[in-house]
There are 2 protein chains.
Amino acid sequence: MNEILDVIIVGGGSAGLSALREVRKHTDRFVIINHGPWGTICARVGCMPSKALIEAANAFHRRNTFEEFGIRGSDQLTLDIPAALQRVRQLRDDFVSSTVKTTEELGERAISGRARLLAPDRLEVNGKELRAHKIIIATGSRPIIPASWNSLSDRLLTTDILFEQKTLPAHMAVIGMGFIGVEMAQALSRFGIKITAFGGNQFAGLTDPQVIATATELLGKEFPLHLGKKADLNLVHEGIQVRAGSVEIVVDRVFAALGRRPNIDHLGLETLGVSLDQHGMPPVNPNTMQIADLPVFMAGDANDQVPLLHEAADEGYIAGINAMRSDPLCFTRRTPLTIIFTDPNIAIVGSRFQTLDPAKTLVGEVHFDRQGRARVSQRNKGIQRLYANAESGRLLGAEMCAPAGDHMAHLLALAIDRSLTVQQLLRLPFYHPVLEEGMRTALRALAAQLPVVNEFDLSMCGTFNTEALD
Amino acid sequence: MNEILDVIIVGGGSAGLSALREVRKHTDRFVIINHGPWGTICARVGCMPSKALIEAANAFHRRNTFEEFGIRGSDQLTLDIPAALQRVRQLRDDFVSSTVKTTEELGERAISGRARLLAPDRLEVNGKELRAHKIIIATGSRPIIPASWNSLSDRLLTTDILFEQKTLPAHMAVIGMGFIGVEMAQALSRFGIKITAFGGNQFAGLTDPQVIATATELLGKEFPLHLGKKADLNLVHEGIQVRAGSVEIVVDRVFAALGRRPNIDHLGLETLGVSLDQHGMPPVNPNTMQIADLPVFMAGDANDQVPLLHEAADEGYIAGINAMRSDPLCFTRRTPLTIIFTDPNIAIVGSRFQTLDPAKTLVGEVHFDRQGRARVSQRNKGIQRLYANAESGRLLGAEMCAPAGDHMAHLLALAIDRSLTVQQLLRLPFYHPVLEEGMRTALRALAAQLPVVNEFDLSMCGTFNTEALD
């Protein structure tokens, strides 16, 4: 293979596969290089297995509503943890196999090995040098583990090995209350494992103090939640000792969820001739995915920008298109959206509360405690806070810990993407009885603070102020 | 009370209360008259108690997923039907009390009695004559029961008395597969009652043959479903004999769901001096709620247009505003939306399939059998079909029997209300993994049939064609 390739894609995960799809439309002079097992983070150790675990945990947890519904015998239910984990792996294997199909068919254009850049148009893999007009770096990320924790050996779990466990112990600590930590702490606790959770000053990416208060209160009822103190771990005879502030406990195992680190070490980024920041990261344009003005693009978790599957897919798409062009195109990125599949869901849409100017922003909120449909379905917990521009009435963002938050977040993302106003959203038919009527309460709270746009429009149709009808 | 009132509202249900809220903003020279118990259909015998029943039924039915999740002991679960019905009534009483609060506070301005029109500005109630500048008729509806079925006495149930039952028998027939019949047949079947269902040529208001096929197939797996034949009932010694075509069964009781009839008999509509149709209904303008050019308005189920809570609330609002004006205003009504809370949800948004010109309409569809998140949560059943204008790419409507159909229907209603195109909807961030990714598959199927609007836009970002990522 002495040819000069059109494109080399480094990394066969979600971003790499998305780039590959675009590149293949134009050329077959490409290779894709992958280090370690093929298959995406999402399918192998991320979104999919975690959701399989969560669905089992929530189905089991739902037994606590049975007595009130009139369902008897819930005290006879037990969770067979090995069987639950077995199902997680079965689904995962199936999902992984669907992601590796593409690259399996590529033959020698799919290379297993660790790539190392030599220059903006050259790299080395498995002792061979490859040249290309364009290079796309999509090497993904891995869990962060402090060096001092390496001594904890197999008592320390991350997403890399959590789903490989045949069973789980009686008492675990979860360290880190980011997206993954919060989801897994609740799910493992609902599995019947005694969980103690530790987090820093951030909680689930939320920035609205009232949403944080509700989310931590609700989760804190399910397991002890210690926030704001650094956790120190030590191997002791009985397991791992966790100390954080005045808290000191010993657990069987620790699940570490301190975030993810981009896989850029040993990649040779220093050979590109651009300045790297203190983390060794080159400048990547989020609208083109280009590194500086080089023929090199960086997409997905590797660039450490927004480590989410749907963003990685977009970045691979952008990188793939731009790698086949002489002038890279600027893409408008999507409305920011994060969903954490706790119960109730935590979701953040559009602009975060903390980034908004309080003088120019209105807030409308709803508590789901007394919301009609939420009560009927025994899901009446949570809060949703919507943010709108005080002058234009345009919806700007939302933070929530709310039932069906995953679904409402999509509707709100559409509204923000289309620059819709609160009044335009109140033109929506809200069927009865649905959880979205809670969102309408928050929208009406915003509308009440805005000047009346058109009094004689159905968007002004008010509340009955009765729980049965709102 | 010899004064000439500004407004008389006849009916204290959802439409009447909505009208009342508007009228009270401008005058206290009004009365509201209600026949029978105060409280809305929705809270008393409609949306709310039916949803309470459905939530218990679905929670109990969910035990069938437990074994696969690794949850053991589901065979020990039983449903205590009297307790389940007791909870339905408890919630209902609470919701009803929230709706009657408003009228309780009105003192003698709230009149219990049956009103009879004498002229467009006069009516009689409890032997007294009242005059008003405007009259709003919002007398609601009641279940249809063929005269010949009256002999079935208490073996025949409707929503009026279903939720009053202390328990339910072993075998029931449900007659009528409209919104209510379909919901209740599934819920009662999931209660463990042997259900046999009978319907005519319509099913759940759906018009798309493929959605009807999926919905009837899914529900038909839960209970025998006989469609297209008229059911004849006869009281026999052991219960009620139901005959429809070649089917002949005997059941303990029959739940009749043949639709609802507006409460306009004995109302004196013939005194208004306008022509009535064959059902005795005067012409009502759906944008003003006015009857012809009379100072009389008709809102909610009474006018037999769209007997849904959110529409009744709108109609009461319109009637209330217009009753206080010399020239009635024309209101643009909301995007049509119907949701049936079966599992999976049946939903119809915007234009129905049958009303669209096939030559000018594109269809995009998704089956949920292999959709990632649906599989993980064991909710992988159903279909969603989206309709778009073949020229403009604008979304026109949707019919579905799909998991989280209730939520997606709201998002689609927003898109239709804002005249959004398929490509604009594909700008939406679809988080991963969510059921909305199924909807994206249907949108992409539409986009593939439309001319490319802007190739270099994230809305064109394609599928991975792997189940893990779509």
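Placed from the backbone N, Cα and C atoms, the Cβ positions cover glycine too.
Annotation comment: TrEMBL describes A:6-316 as domain 'FAD/NAD(P)-binding'. What TrEMBL lists as disulfide bond is A:C42-A:C47. For A:K51, A:T139, A:G140, A:S141, A:D301, the entry in TrEMBL reads FAD binding site. The NAD(+) binding site annotation in TrEMBL covers A:G176, A:M177, A:G178, A:F179, A:I180, A:G181, A:V182, A:E183, A:G259. If you look up TrEMBL, you'll see A:338-442 marked as domain 'Pyridine nucleotide-disulphide oxidoreductase dimerisation'. The active site, proton acceptor annotation in TrEMBL covers A:H432.
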Original post:
Rounded to a whole number, how many Å is the Cα of A:G178 (NAD(+) binding site) away from the Cα of A:S141 (FAD binding site)?
Top reply: 16
Original post:
Which of these binding-site residues has the least crowded Cβ, counting other Cβ atoms within 10 Å: A:G178, A:G259?
Top reply: A:G259
Original post:
Which chain neighbours of the NAD(+) site, leaving out A:G176, A:M177, A:G178, A:F179, A:I180, A:G181, A:V182, A:E183, A:G259, have a Cβ atom within 8 Å of the mean position of the site's Cβ atoms?
Top reply: A:M184, A:A185, A:G199, A:A204, A:A257
Subject >> Winner by Cβ contact number (other Cβ atoms within 10 Å) across the binding-site residues A:T139, A:S141 >> reply: A:T139
**OP:** Please tell me which one of the recorded positions listed here (A:C42, A:C47, A:D301) sits closest to the residue listed as 'active site, proton acceptor', measuring Cα to Cα?
**Re:** A:C47
**OP:** Tell me whether A:D301 (FAD binding site) sits in a helix, a strand or coil according to DSSP.
**Re:** helix
**OP:** Taking Cβ distances under 8 Å as the criterion, give the subset of the binding-site residues A:S141, A:G178, A:G259, A:D301 near chain B, ordered by sequence.
**Re:** none
Original post:
Once the chains shown are all counted, how many other Cβ atoms turn up within 10 Å of the Cβ of A:G140 (FAD binding site)?
Top reply: 27
**OP:** Please tell me which one of the binding-site residues listed here (A:G176, A:I180, A:V182, A:G259) sits closest to A:T139 (FAD binding site), measuring Cα to Cα?
**Re:** A:G259
Original post:
Compared by Cα position, which of the recorded positions A:C42, A:G176, A:I180, A:V182, A:G259 is the closest one to A:G140 (FAD binding site)?
Top reply: A:C42
Subject >> Protein Cβ atoms within 10 Å of A:V182 (NAD(+) binding site), excluding its own >> reply: 27
Original post:
Of A:C42, A:C47, A:I180, the recorded positions given in the record, which has the fewest other CB atoms within 10 A of its CB?
Top reply: A:I180
Original post:
By DSSP, what is the split of the domain 'Pyridine nucleotide-disulphide oxidoreductase dimerisation' (A:338-442) into helix, strand and coil residues?
Top reply: 35 helix, 33 strand, 37 coil
Original post:
Near A:G176 (NAD(+) binding site), which residues of its own chain have a C-beta under 8 A away, given they sit six or more steps off in sequence?
Top reply: A:F198, A:G199, A:G200, A:A256, A:A257, A:L258, A:G259
**OP:** Work out how many Å separate A:K51 (FAD binding site) and A:C42 (disulfide bond) at their Cα atoms, rounded off.
**Re:** 10
Subject >> Whole-number Å value for how far A:D301 (FAD binding site) lies from A:C42 (disulfide bond) (Cα to Cα) >> reply: 11
**OP:** Could you say whether, by DSSP, A:C47 (disulfide bond) belongs to a helix, a strand or a coil region?
**Re:** helix
